[in-house]
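**Q** What TrEMBL records for this protein is below:
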TRANSMEM  20-39  transmembrane segment
TRANSMEM  60-85  transmembrane segment
TRANSMEM  105-131  transmembrane segment
TRANSMEM  152-172  transmembrane segment
TRANSMEM  192-213  transmembrane segment
TRANSMEM  274-299  transmembrane segment
TRANSMEM  319-349  transmembrane segment
TRANSMEM  369-386  transmembrane segment
TRANSMEM  406-429  transmembrane segment
């Protein structure tokens with residue numbers, strides 16, 4: 001009997017060591033990738049200075065930003081890894097080489113991401129900002145430690161302020177929870193704070209994702225070679241040839257104008273004729289698929305209580321597929337989740353409120369870098385809840401992700417789905433309408449009008465009337 005107990009304990013120990021090694025390797029790879037990304041955007045002048053103290057402070061802040069960005073990337077990969085792991089175990093149920101892939105590993109990964117995301121949002125990123133802006137208390141000895149002391153004091157004051165605000169909010173909404181939180185901070189108070197942060201992230205995704213889905217068409221179109229050259233680009237090329245003696249500023253301006261022509265000249269016939277249409281059709285198909293899945297989820301919410309997002313303790317991987325279409329449906333779910341994340345980032349940086357945060361290569365200061373890491377972490381940590389709430393996947397939330405207070409409210413979840421479907425449909429219709437209107441303007445020669453006549457001054461009904469008259 002003792003031998004069996006020892007063997008079970010050994011097996012549990014080896015499993016825990018194996019899971020720890022896998023998580024460390026995964027996080028190390030993500031950390032290196034995040035560091036390469038941040039070093040591409042950082043302002044080199046802030047790290048190569050004569051002041052050793054400033055250079056050291058900036059390096060420490062960069063390491064903290066790298067940690068936060070790696071946690072954000074891991075949060076984005078949570079659902080794809082979980083869904084694909086389940087499909088792999090379904091495909092190879094008795095494979096010896098897949099024994100390391102189990103529910104305990106996935107559950108531990110979810111818990112680590114939840115812990116590190118909240119640690120970065122509440123402590124590391126505020127500390128990095130205070131650390132870079134601090135100079136030490138008046139009268140104290142200058143140095144890195146003096147900045148650490150000032151940053152820690154400011155962080156404690158900020159924590160007390162935030163906790164006080166959240167306690168007042170909980171007292172106004174839930175009086176019993178507010179009373180208990182004074183005696184049990186970890187069990188009642190901090191989950192309430194995490195629930196508020198997640199709700200803010202999900203609301204931010206609700207605003208950014210529909211706008212990003214419409215912006216994806218123009219962003220993707222700017223990166224690809226279009227099937228035909230417009231008259232404006234031909235005129236720009238002619239101007240560049242006949243005006244070789246313009247100033248440097250005009251040369252740079254004309255270079256960016258003629259860049260699409262150079263791309264077209266170097267592109268293959270397949271890229272010129274098939275790349276752009278296929279990309280636009282794929283984006284349209286993914287967007288329509290997202291809207292249809294959300295509409296289907298709305299119907300399920302009205303008819304079936306199991307459609308509500310909820311948490312689970314044991315994922316039971318390898319038992320059944322999380323899609324009714326099997327492995328193909330699971331692959332589509334992974335693609336849609338990643339597509340929604342990319343669209344939310346595009347919508348975030350395209351919105352007027354956050355356009356100034358857009359990082360620039362070799363010209364992004366530390367304060368802007370910290371703000372970008374915080375924004376990306378808020379979006380990515382809310383992505384699992386966002387995807388499950390919209391019904392993109394049936395994989396229930398693991399660990400503390402499924403313990404948010406507002407997830408069990410039917411009215412919040414139902415209204416959220418309706419708003420997303422409505423905003424996305426309106427953005428998609430608006431984008432398609434503008435594209436048709438632009439093509440009609442080019443077809444009828446209205447683009448040759450003076451610059452003072454904008455598109456908004458030409459009614460869409462006038463374009464249709466002009467087209468019908470020409471047909472007749």
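Even glycines carry a Cβ here, placed using N, Cα and C.
Looking at the shown structure, can you explain where the listed features end up?
**A** Listed as Cβ neighbours of the transmembrane segment (60-85) (distance under 8 Å, sequence separation of 6 or more from its ends, same chain) are residues 26-27, 30-31, 33-35, 37-38, 42, 47, 101, 106, 109-110, 113, 116-117, 120, 124-125, 127-128, 131-132, 315, 317, 322, 330, 333-334, 337-338, 341, 366, 369-370, 373-374, 376-377, 379-381, 383-384, 387, 393, 395, 398.
Outside the transmembrane segment (105-131), and at least 6 residues removed from its termini, the chain residues within Cβ reach (under 8 Å) are 19, 22-23, 26, 57, 60-61, 64-65, 67-68, 71-72, 74-75, 78, 81-82, 85, 147-148, 150-152, 154-155, 158-159, 162, 193-194, 197, 313-315, 317, 366-367, 370, 373-374, 377-378, 381, 398-401.
With a cut-off of 8 Å between Cβ atoms, the residues of this chain six or more beyond the transmembrane segment (274-299) that come close are 213, 216-217, 220-221, 224-227, 267, 307, 332, 335-336, 339-340, 390-392, 414, 417-418, 420-421, 424-425, 428.
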**Q** Are there residues at least six beyond either end of the transmembrane segment (406-429) with Cβ under 8 Å to its Cβ atoms? List them, or say none.
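**A** Sequence-distant neighbours of the transmembrane segment (406-429): 195, 199, 202, 206, 209-211, 213-214, 287-288, 290-291, 294-295, 297-298, 301-302, 308-311, 385, 389-391, 397.
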**Q** Any residues 6+ beyond the ends of the transmembrane segment (369-386) with a Cβ under 8 Å from its own?
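**A** Cβ under 8 Å, 6 or more out: 38, 41-42, 61-62, 65, 68-69, 71-73, 75-76, 78-79, 113-114, 117, 120-121, 125, 128-129, 132, 197-198, 200-202, 204-206, 208-209, 309, 337, 340-341, 344-345, 348, 354, 357, 359, 397, 401, 404, 407.
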